[in-house]
Amino acid sequence: MVRLRHLKQNSIRALLSPLNTNNPINYSTLAASTTTNPLSLNPLFPSFSSPSHKLQADDLVLTFREWFKSSGNPLLDQILEVLSSIENQDLIVEREAIDAALSSLNLHLTESLVLDVLSYGKDVLSCTKFFDWAGRQPGFHHSRATFHAIFKILSRAKLMSLMFYYLDSYSKLRGGHKSNFHNILVMGYAVAGKPEIALQLFGRMRYQGIDLDDFAYHVLLNALVEEGYFDGVDSVATQIKNRGLESEITYSILVKSFCRKKEFDKAESYLRGVINSGIKIKSGGYIVGALVDGLCKNNEFDKAGKLVDEFGEFHVYDIWIRELVRARKLDGAMEFLQKTRNQKTAVYVPDVFRYNSLILRLLRENRLEEVCDLVIEMRENNIPPDELTMNIVLCFFCKAGMVDIAVKLYDSRTEIGLSLSSMAVNYLMNTLCRDGSVIDAYRILKNSLDQGYFPGKTAFSIMADALCKVEKVDIMDDLFRVALEHKIMLSDKFHEKYINALCRIGRLEDGYIRHVELNRLNEVTPKFAYNSLIDGFINRKRGDIAAMLLIQMQEKHHTPSRNLFCGVIQSICEMENPEIQFQKLLEMQLSVQKLGCWVFNHFIEGAGIAKRPDLAKEVYQMMKRNGISPNVSADILLLKSFLASEKVSNSLTLFYDVSKKRKIGRKVFNTIVVGLCKANKPDIALSIFLEIREKEKNLRPSLECYEELVYVLCKYKRYDKVMDVISDMIQVGRPLSSFIGNNLLLYSLKDQNLYSTWVDTLPTESTQSSPMWKLGELVGLFSDRFRDDIDIDELEEVVGKCFPLDIYTYNMLLRKLIKKQVDDASRLFRKICEKGYKPNQWTYETLVHGFYRHGRAGEGKVWLEEMQKLGFTPSEATTVLL
């Protein structure tokens, strides 16, 4: 595993250092670290079995665990945990439970506490529960600030209906401070994106002699800018100015207004006018920040950068970093951070949100070295990490090849208050799956689901792909069930691998059930899963189920292979009442496919393989009855069916019937001749061969046709006819194959009559250069008609002139030599190996027999032991000899 190869030594040491809570960050160290050469972590992180690696890994886990724990607020965590744990459909019962639980905490309820909870909470429902609870407590009244906070939360969550419910409920209240009452209503509708209603309420207030306060005025002004009500902006801005409520917030909102109207020159003039007017403002950063934000949104980064350099303040820096990251100008963001570190004035330290956005983007672009530096910088700056930071760090460790540390931090999630995001879950699972830790990956997925967090389809896909590679069937079972419960449809690849694995380990019924469940969900079982199920039921002798699945897969628009078709047909022919089963399958097949030759041909072929020529013939006749003229393929398949069952008379009748309908082609010719040869009918085969060759001069028989004729004629010692066949083969331009040559060598060794016949029937016009003459010379050589001692190279050369040599040819040469030249046989064996041929059992047994028969049992035993080492079992003849 790659061990974070691009991290720097200083960065790693910083990661391993204890959590710094007092000393400021040492920027000189960080600056130095950016110039050192990249250093592989291999020396720092030895193999997993190394004690030093384990110690350093544990140190890293402890360091980050402590840093993560520093981010929490125990009181706020306790409040939010109470709120999230109470849930009841009955609102009264839920409120009573919340009252009882929060009362036990003895909270000192203040505006500040409410704002802290609303700011800290991530769950909208928990925040609304607390806001509701606080509003019902005696002596406490929500302020404009708390209302504004809850409105912003609801607005970000797009829960407008709930916000309007709050506003409607509040508008029906009577009593209290009327000014505060109207302030809250105006702010609420402004934040809710309804500035027209807010303006109507504002006008009504003015008619009643009531005015907005400073805070509400600016909320309304900002909402008008956000929604593009620029006429209203000018009017409200005038009201703010007339009442002496102008501040940097006012100016920044007006700058933003100019930017929204693309009036950037006016915005800059207005900004400089405010700054140069001598107006006392606490910070010009908000005003400049508004213009920088607008320019960046308009992709004018050069102008924005000049303003940052001229009026730079921390708030402006925050906006500048945010916009650089948004525009993916990461180099610019990193250079800017480095520049601010070298300032002589106060050093700019980004907040956690800026760090998070920058680190996340760097992480996605695999800039792990810079991610590491920024994480260290955050920690040394004592910036408490939030939930996103923790998730990013886990992803960083995964990408850096230190998933073991990420898993340990994940296992401490309850202690450190970590709630995994979908991004972190996917990173963890993906890395673990890639490393082969599928069980850990699945544990993370299940934990997420058990805790009510749904990681999403991507996590399921990652898990499914990993399981397809390792085929952990038990986990596949569970993943399939969980996916069904959450209505997640996994990939066809997963279903295919899953069902295939179930079939392979003998759980055929379970595979069939998964197939049924997929169909129930209107999902299509993959083609190769169908193949596995069908093959499984064929092996179980359940051709009826295999036949049903064969029809189903075609209904789902899968095309079964010819072999699968034939396998199913063969299987039903082996069942009870095969005729009925065969007819039933044929009827079902014809119901899902249009009548065509290929359908009938599959059934003819399958019946032939099952040795049921009667069924094959019935299908052939059915074709005719349905007005379909059997094609050449049907003729050939029925011929093969008759011949495979040795129904010679039927095959001859069909052959001659076909010859009356059409000209006999090469395929039909080869089929009848080869089939008769395999049925041990050499005379009939040769007769048809000669008859058709006489009629069809241009017909060129296949090599297989010649090979089978030579084989069966040699077998029945019809050596004179062998000469005729080989001569014809040479005339049509077919080369002498190794199969024919090896057969001639074999029968030359066994029967000297082959050579005698060859000499007697060799044409007188044959010359020494003719193929027949050379072949006769080779036959004579193997028949011991010439000299006793034969040179190996010469023997190999003579054979090579006649046909290509293969291992079987060399076995024949060994058999020839072993009779009288046993030492030459050993040399030939070495030569065989040098040429790259792989000796087989016959090779070794030839040598064993030869040495034993020559009285050299010791050497024969050596060859025997070598043969047994290679896993060959001695034949019965060899066992008897020994």
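Every residue gets a Cβ built from N, Cα and C, even glycine.
Note that this is a predicted model, so its numbers are computed, not measured.
For 178-212, 247-281, 351-385, 386-420, 526-560, 596-630, 806-839, 840-874, the entry in TrEMBL reads repeat 'PPR'.
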Residue distribution over DSSP helix, strand and coil in the repeat 'PPR' (386-420): 26 helix, 0 strand, 9 coil
Within-chain partners of the repeat 'PPR' (386-420) [C-beta distance under 8 Å, separation at least 6 from its ends]: 1-4, 7, 45, 48, 57, 60-61, 64-65, 68-69, 71-72, 77, 122, 352, 355-356, 359-360, 363, 366, 368, 371-372, 375, 378, 427-428, 430-432, 435, 437, 440, 444, 448, 453
The repeat 'PPR' (840-874) - residue tally per DSSP class, helix then strand then coil: 26 helix, 0 strand, 9 coil
Three-state composition of the repeat 'PPR' (526-560), taking helix and strand from DSSP: 26 helix, 0 strand, 9 coil
